[in-house]
Every structure is written in structure tokens, then in C-alpha cells.
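One structure below.
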Amino acid sequence: MSWGTELWDQFDSLDKHTQWGIDFLERYAKFVKERIEIEQNYAKQLRNLVKKYCPKRSSKDEEPRFTSCIAFFNILNELNDYAGQREVVAEEMAHRVYGELMRYAHDLKTERKMHLQEGRKAQQYLDMCWKQMDNSKKKFERECREAEKAQQSYERLDNDTNATKADVEKAKQQLNLRTHMADENKNEYAAQLQNFNGEQHKHFYVVIPQIYKQLQEMDERRTIKLSECYRGFADSERKVIPIISKCLEGMILAAKSVDERRDSQMVVDSFKSGFEPPGDFPFEDYSQHIYRTISDGTISASKQESGKTDAKTTVGKAKGKLWLFGKKPKGPALEDFSHLPPEQRRKKLQQRIDELNRELQKESDQKEALNKMKDVYEKNPQMGDPGSLQPKLAETMNNIDRLRMEIHKNEAWLSEVEGKTGGRGDRRHSSDINHLVTQGRESPEGSYTDDANQEVRGPPQQHGHHNEFDDEFEDDDPLPAIGHCKAIYPFDGHNEGTLAMKEGEVLYIIEEDKGDGWTRARRQNGEEGYVPTSYIDVTLEKNSKVRVTLSDISSTNVSILVFVYAAITCPLQTFQFWHYEEVVCEPEVFMIRKRKHLCSSLQPS
């Protein structure tokens with residue numbers, strides 16, 4: 001089946017058909033374009049929807065932890081990925097279908113125009129041949145009529161007796177001329193006719209079939225291109241179906257990850273204050289004055305007054321705890337989070353310690369890398385100057401010292417909180433906490449009051465209210481040395497509570513490293529402070545601490561007896577070493593100084 005043989009006389013129809021095919025191609029391209037716009041708008045709207053419902057996190061504190069919230073935000077993330085796949089569909093359609101269609105339509109128009117021009121030229125050439133043949137035919141016909149007229153004129157003169165011989169001869173010559181011209185036109189007409197017939201045969205059997213065949217191939221290629229675009233249109237979306245399925249599976253997994261028990265526990269962790277519920281209110285007996293007699297009026301009055309005083313005191317103490325069920329005291333956020341309840345404070349301090357430890361690890365890694373680079377530069381000077389790394393190394397060391405001090409300080413606060421929330425029966429107070437308290441803060445028992453301004457913060461007053469118990473410890477000797485150390489590296493000691501030292505300097509050790517990287521040392525002039533443990537070479541002396549067991553209490557001095565009595569009667573967290581039935585003399589003098597106001601009313605016997 002060929003257009004050239006079947007549709008040899010349908011040039012105009014094929015012209016219209018090929019134009020319709022190109023128009024249909026462009027119409028489908030327009031359809032694809034609108035589908036692309038729909039996909040793009042859909043993806044944009046999905047992304048806007050995700051952005052609208054995603055949390056605007058200004059800090060890590062606002063980050064949701066509930067499993068239902070995390071599941072919802074995971075669903076939003078999956079939906080955002082789903083929107084991305086819709087954008088991929090739009091891009092694939094734009095590149096593989098729409099763009100290809102537009103380029104092919106342009107090429108198709110150019111090819112169709114060329115084939116139609118060739119067909120018109122062939123038709124014009126055939127028309128020209130037909131006109132030449134028709135002209136020669138008409139000329140031959142005209143010459144034949146003229147020759148016929150000359151024949152009739154000659155015969156009339158030849159039969160006319162009155163005609164002269166000259167007229168007859170002239171008519172004969174005219175007949176011969178017309179006959180000759182008619183013969184020539186006949187030959188020319190025959191030649192033109194033969195030429196036209198040949199061109200016409202060539203036109204309808206060679207030229208036109210070839211042109212129509214090219215048009216047919218062009219139209220078939222257009223149909224094939226449409227088929228490919230139809231497949232590409234579907235494949236653009238089919239390719240992303242596995243990823244979209246994963247997005248939907250992720251949404252399902254997010255839904256399955258919701259744990260109501262865990263969320264309930266998080267509510268407890270988020271809002272638990274750590275305080276105990278308020279105790280029972282005491283009964284206040286106002287009927288005593290009814291039964292009071294004159295004989296025992298003085299005694300009853302005294303009892304009543306004392307009872308009223310105790311009742312007021314008790315009510316006042318109970319009232320101080322009622323804020324737990326009302327509004328929390330308002331106040332500025334403090335560095336040690338003492339404005340928060342104990343449990344929340346412990347949580348915040350632990351988070352800060354974890355962050356500081358991560359920063360410290362980064363700085364330590366950077367220090368190690370700089371030291372390795374410095375060693376490489378020292379071994380290979382052509383690679384760089386070792387001195388150029390010294391400023392960065394010094395800055396890293398300062399950052400490490402600062403972070404260690406911050407960790408030390410926060411761990412002290414955390415130990416304080418954990419000691420308070422651990423119960424009255426097992427409270428402890430480390431020497432690290434005492435050291436940091438003397439530096440910049442002492443948080444007394446019960447940081448929470450009705451008025452946030454009543455909280456006590458700052459170093460303990462060492463020169464203020466004195467009593468007999470205080471005087472016993474005013475002239476105590478400084479902490480004994482438990483060893484000595486030699487500075488391996490110099491240390492500037494810019495931070496508060498630290499002690500500057502030079503390389504090679506020898507210092508006394510008065511407190512060992514508690515695991516935070518700092519050792520407490522003292523110069524010969526009595527100046528004390530903390531130095532980095534990694535900067536010194538420590539030598540501890542054996543039996544440097546005098547230990548006093550419970551069996552030796554009778555042989556100790558009055559201060560130790562007072563201290564023992566305070567340790568037994570005052571269940572403070574600082575006296576947990578009594579579990580081991582021994583007292584280390586070096587720390588207990590330091591501890592009793594920090595807590596001596598609690599034992600000021602004790603009188604040793």
C-alpha cells in the first residue's frame with residue numbers, strides 16, 4: 001500500500017492530511033506541557049504544605065521528642081520526598097516528551113514543506129509540457145485550416161475559365177506553402193505530444209510516487225514519534241513509582257513507630273520536678289484557751305505561744321511548697337539552671353555536659369592533628385613553617401582549657417542536683433563542688449522559694465557572722481600536700497580558679513585529678529588553683545593522708561569530734577565516706593568549713 005500509486009491524484013488531500021498530522025502533534029505537545037505545569041504546581045503545593053506544618057525550630061529545646069510528633073514529621077519528610085518525585089516526573093516529561101515533540105514538530109514542518117514544494121514543481125513542469133503540446137496542437141490545427149482554405153482557393157481558380165494563369169500559379173504556390181507549414185506544425189505537434197506523454201508518465205509513475213512516498217514515510221515517522229512519546233509519558237511516572245512506594249512505606253513505618261507508652265514516659269520526663277509531694281498540715285488547736293485555768297495560766301500561755309509559733313513555722317514551711325501546684329516562680333534563666341526544678345535542672349545540665357564533651361573531643365582531635373602537622377613540618381621544613389601553627393595550637397589549647405573548666409563546673413552542679421534528688425539519707429558533696437562553690441557560686445539547700453530573688457548565689461561569706469564554732473576553725477592549717485609535680489608545659493591560667501605555671505616549675509599537689517583533667521596544686525607562697533593534669537608530671541607520696549578510723553575517735557582532737565558528731569547528726573551529701581568507716585583528714589577540714597554553719601550549735605562534750 002503506497003500513497004504514490006493509490007493516491008496519485010490526491011495531492012491536495014495529502015497536503016491537508018500532513019498539515020493535520022503536524023497540528024495533532026503540536027496539540028499533544030501542548031497537552032504534555034499542561035500536564036507538566038500540573039505536576040510542577042502539585043509538587044510546589046506539596047512542598048508549601050510541608051513547609052507550613054514543619055516546626056520552626058529556633059533552638060534544640062523546641063525539638064519534638066514525642067513519638068507521635070516524630071512520626072508526623074517523618075511523614076512530612078516522606079511527603080517532601082514524594083513532592084520531589086513529582087518534580088522528577090515533570091522534568092522527565094519536559095525533557096523526554098515535550099522538548100522532543102517540539103524539536104520533531106519543527107523538523108517535520110521543514111521536511112513537509114520541502115516535499116510539497118517538490119510536488120508542486122513537478123506539477124508545474126507537467127503543466128508547462130502540456131501547454132507546449134497544446135500550443136503546437138493549436139498551431140497545427142490552424143495551419144491545417146489555412147492549408148485547406150488554400151486548397152479550396154486553388155481549385156476554384158483552376159476551374160475558373162476567366163482566371164488568368166498567373167492567378168492560378170499564385171494560388172498553387174500559396175497552397176504549397178500552407179501545406180508545407182501544416183506538415184511542419186504536424187511534426188512539431190507530434191514531437192510535443194510525445195514529449196508530454198513521456199513527462200506525464202514520468203510524473204504520475206515516478207516523480208509523484210516518490211514524493212508521496214516521502215510524505216508517507218514522514219507521516220509514519222510522526223505516528224511512531226507519537227507512540228514513543230506516549231510510552232515516554234507513561235514511563236516518566238512509572239520510573240518514580242518504586243521511590244514513591246518507598247515514601248508511602250516510610251509513612252506507614254512512621255505510623256507504626258508511634259508508641260503511646262514512650263510518649264507518656266516523655267511527659268513524665270519533661271515535667272517532673274523532682275520534689276516530693278507536700279506533707280500533711282498539722283492540726284492547730286485553737287481550743288486551748290477555753291480550758292485554760294488561772295492556776296496554770298502561765299504555763300499554758302507559754303505552751304500556747306510555743307505551739308502557735310511552731311504552727312506558724314510549720315505552715316510557713318508547708319506553704320513554701322504549695323507553689324508546685326500553682327505558678328512557677330518567674331525569674332531570668334540562670335547559667336546553672338537553678339531557676340528550674342531539680343529534675344529538669346539535672347536534665348539540662350546533662351545535656352550541656354554532653355555538648356561540651358562533644359566540643360572538647362573536636363578540639364582534642366584538632367590539637368592532635370595540629371601536633372602531627374607540626375611534627376611533619378619539623379621533619380620536612382620545605383612543607384611549611386612549624387611556627388605558623390603555634391597561634392592555632394595555642395588557641396586550641398585555650399579552648400580545651402575553657403571547655404574542661406566548663407565541664408568541671410557543670411559536673412559539679414550536676415553532682416549537687418543528683419545529691420539533692422537522691423534522698424536525704426544518702427547525700428554527698430564532693431570537693432570539686434566545694435572548689436567551684438568558692439569560685440563563684442554556692443547553691444544552698446532548697447534553691448526554690450516563693451521569691452526567685454531570695455535564692456542565694458555567690459561565694460560563701462568567710463568574713464561575716466562568727467560564732468564559737470566558727471572560731472575553732474579560723475586558724476586551721478592549709479590543706480596538706482599529698483605529693484608534688486613538675487610542669488612539663490607552660491600554662492597561662494587566664495580562667496578563674498586556675499593557677500599559672502612556667503615550664504619546669506615544681507608545685508605541691510593538694511588534690512588529685514577527679515577524672516576531669518584538672519589537678520589542684522599550690523605554690524610555695526600559698527597560692528592555689530587548678531592546672532591541667534596533662535601539663536604536669538605528678539609524683540604522689542605514700543601515706544601522705546592521715547586516716548582516722550572510728551576506733552580512733554577517742555584519741556582525736558575536739559575538732560574531729562565535732563566533725564564526727566556533725567557527720568552523724570547532719571545527713572548531708574558531703575559525708576558519704578562514712579560508709580567506709582574512716583575519715584580522711586585532708587578533705588574533712590575543707591568540707592567542715594563549707595558546712596560549718598549547719599553544726600554551729602553543737603557543743604562537744
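In case you wondered, yes, glycine gets a Cβ from its N, Cα and C as well.
Here is what TrEMBL says about this protein:
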DOMAIN    1-263  domain 'F-BAR'
COILED    130-174  coiled coil
DOMAIN    339-416  domain 'REM-1'
COILED    346-380  coiled coil
COMPBIAS  418-432  compositional bias 'Basic and acidic residues'
REGION    418-477  region 'Disordered'
DOMAIN    480-541  domain 'SH3'
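Regional average pLDDT for the coiled coil (130-174) in the model is 87. Note on the coiled coil (130-174): residues 181-182, 184-186, 188-189, 191-193, 195-196, 200 of its chain, located 6 or more positions outside it, place their CB under 8 angstroms from a CB of the stretch. Here the domain 'SH3' (480-541) is broken down by DSSP into helix, strand and coil counts: 3 helix, 29 strand, 30 coil. Across the domain 'REM-1' (339-416), DSSP helix (H, G, I), strand (E, B) and coil residues number 72 helix, 0 strand, 6 coil.
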